[in-house]
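Chemist: One structure, as structure tokens, below. Some questions next.
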């Protein structure tokens, strides 16, 4: 419905709410453009689920990528096992006092040979064999076994060729295993990186499209705020989507991979030697604390640097756009100084962050080498007092090392995941921010014709970004149909503000702006603006062709309509004199013209 009181009152209430939001903006970081209530909703996981929902078309790739990440995580634990067995194979043959004789020693739980033959062809029972054992060529094997104090047997091969054959066969088999592991790692890495990379890129594209559409939808007053300058919005548009992608795309794949490394390494380590594994675990609190300490400093640096980058981007964008003015006044040094100040405003914070990162890195290395100490010292103790073998000790050591590596890499991903949450708040907060003057709203009246009578009735107005500065206090103005009216006044008297109110770039704090007796707030916004023609004081041309710039005035305008418009506005002769005529590029802000 119409009526002056209702709409004006609701507008006053919305102004109060917007002023309250503005105060929240001042108190909050410049990175945030939404209210505390929206931040609270985001903390409940709403925005996280919406981010994943945007990737719904790529859900099959998520399954494939997860499978690849788990396979990829298994590579290092399997590598630890193969590496230890391969190293053990090279210790099978040991040179005896006689350079021509090699012996192979191998610990086994069972032994199938009770006799051995000496160099003269005589047979002897092994030390573990029963006294009744008889040795003959038929019962002779290529090796003998000796009972070990802790149980099991030590197999000793006395033939050079047998020794070499066993070693070469063992090495060959494990070498083939390395080739198979390499092939598996190739497939796993491809599946993981391709799938999660595809998810991340599609998500980034969709978030940027939604963000840009939301920016275009906002009121003109939104762009009056300093935190919504051209440079700041450009940085947010580029970075926020990338931060969200960092938590949902390749970073998520790496996180799953590291969880897989930790889980599989843990199983292998406990299976080969649970006591030594627990000893090595004593270093984990140190490693976790070191990584946490380091990552906290790095994460804190991200927010400060983002503010500096946004401020610097604003200076750069403004200066490049007005490069002719900068050059005309030889202001290059001044602009460079301003850019430097904006970029390095938080110099102390950067030094503090660097110090924290350095101390954290040193602490991490200390924890890692302490793990080596526990692993080797504990391994020697276990081999001396328990049934641990070289293979057991080294397998546990490498497994725990890879597990620590996985935990460290997972912790290193925390800053990327941490940056994603405020980025989600920014993006979805902006998307959810419905402006009071909504160009996407299909509601409102669309009169069949326009006479053109404009009236400002008892208009009170202040700009949203300057609530303490009153522009109009009870302005009354009538512009009759068919009249040409000039608004004359000193700078800042409100001439341009009248045009902004008629275009409904802003709504009055109270009072009404009428077109043919209808309050502008009751009219469809798009219909209203299509019914008005505006030539601003500083016309803006986009970096497109002349015909594209003219078509901005009418959706789907044909080339003949464009030419007719140029004829009526006396621009045809100028345009057709250009080398490429209507296809001439205007350049940024029409600089090439």
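Just so it is clear, glycine is given a Cβ too, placed from its N, Cα and C backbone atoms.
Residues or ranges marked as compositional bias 'Basic and acidic residues' by TrEMBL: 12-35. What TrEMBL records for 174-419 is domain 'ABC transmembrane type-1'. Annotated region 'Disordered' per TrEMBL: 1-35, in sequence order. Annotated transmembrane segment per TrEMBL: 59-80, 174-199, 246-268, 274-293, 354-381, 393-414, in sequence order.
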Chemist: With the transmembrane segment (393-414) as the reference, find which of 59-80, 174-199, 246-268, 354-381 contributes the most Cβ pairs under 8 Å.
Modeler: 246-268
Chemist: Flag the pair the transmembrane segment (59-80) / the transmembrane segment (354-381) as in contact if three or more Cβ pairs fall under 8 Å (sequence separation 6 or more).
Modeler: no
Chemist: Can you work out which residues elsewhere in the same chain, 6+ from the ends of the transmembrane segment (246-268), have a Cβ less than 8 Å from its Cβ atoms?
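Modeler: For the transmembrane segment (246-268), the nonlocal Cβ contacts are 51-52, 55, 65-66, 68-74, 76-78, 80-81, 192-193, 195-197, 199-201, 203-204, 277, 395, 399-400, 402-403, 405-407, 409-410, 413, 416-417, 419-421.
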